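Let me begin by presenting the structure, written as C-alpha cells, before commenting on it.
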Amino acid sequence: MSLFPSLPLLLLSMVAASYSETVTCEDAQKTCPAVIACSSPGINGFPGKDGRDGTKGEKGEPGQGLRGLQGPPGKLGPPGNPGPSGSPGPKGQKGDPGKSPDGDSSLAASERKALQTEMARIKKWLTFSLGKQVGNKFFLTNGEIMTFEKVKALCVKFQASVATPRNAAENGAIQNLIKEEAFLGITDEKTEGQFVDLTGNRLTYTNWNEGEPNNAGSDEDCVLLLKNGQWNDVPCSTSHLAVCEFPI
C-alpha cells in the first residue's frame, strides 16, 4: 500500500486536533477568566511585608552559657541612721591607787600649813591696824569718803560687800572701827519705808536713832551708822566713810 494517499488524511487530523485545543482554551477563558490561565507559569514575585508581632511568649528557662566575671564594686552609699544605744557594759574592777613621787603629799601639807599661818598673821595685823573681826566677819575701811554707789563698787572690787550689821556685836564692831559716819549696806530704794540688805532680804536687826527713819526730803534711801552706833536714813548721793565686810 502506498503512503502518499494517507498523507492528506494525516494533516487533516493534526489541524483538527489543533483547532480543538484552541477552542477548548478560548472557551475556558470565557467561562473562568480569573481561574484558568492557558499561558505558561510566571516567575515567583517579591516576598510580602512582615506580619504583625504575635503575643509575648512565656519566659524561657535560663540558658546554659558560662557565668560572667564579677563586676567592680559600686559607689559608697550614704551613711545609715545611728543605731540604738547598746546596753551598759559590766562595771569594771576597782583600779589600783595611783603613785606619786615620794615627798609630794608631805610637801603640799607643809606648804598649806605655812600659808595658813601666814594668813592668820596678816589678819591679826589688819585687825590691829585697820579692821575689826566679829565671828566669821572682818570689817575693814580704807578711810576714804565717797558716795554709796562708789562704796558698793569698792567693796565688790575686793570680793566683799558694804558692811551690814546683823546683831549688836557686829554693829558695835563697826562703831569702834569708824571715826566718822559710815554707810551701811541697807536701803529702801525699791520700796519706800521697807529697808532691806543689798541682796533684797528683810532686816532682822535694826538700831534706828530716835525719830528715824523719817525720809526727810523724800530721797533718804540709804542708811548711815552714826558715831553713837545708831542709824539714820540719808540721801545716797551724799558722801560718807566706806566700810566693807569680808567673810572669813
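In case you wondered, yes, glycine gets a Cβ from its N, Cα and C as well.
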Of the cysteines C222, C236, C244, which is paired with C155 in the disulfide recorded by Swiss-Prot? C244
Look up P88, P97 in Swiss-Prot and give me whichever carries the note hydroxyproline. P88
Where Swiss-Prot places hydroxyproline when the choices are P79, P213, P235: P79
According to Swiss-Prot, one residue among P41, P47, P62, P165 carries the annotation hydroxyproline; which one is it? P47
Between C236 (disulfide bond) and C155 (disulfide bond), the C-alpha gap once rounded to whole angstrom: 16
Provide the number of Cβ atoms within 10 Å of the Cβ of C236 (disulfide bond), excluding the reference atom itself. 18
C222 (disulfide bond) and C244 (disulfide bond), Cα-Cα, nearest whole angstrom: 15
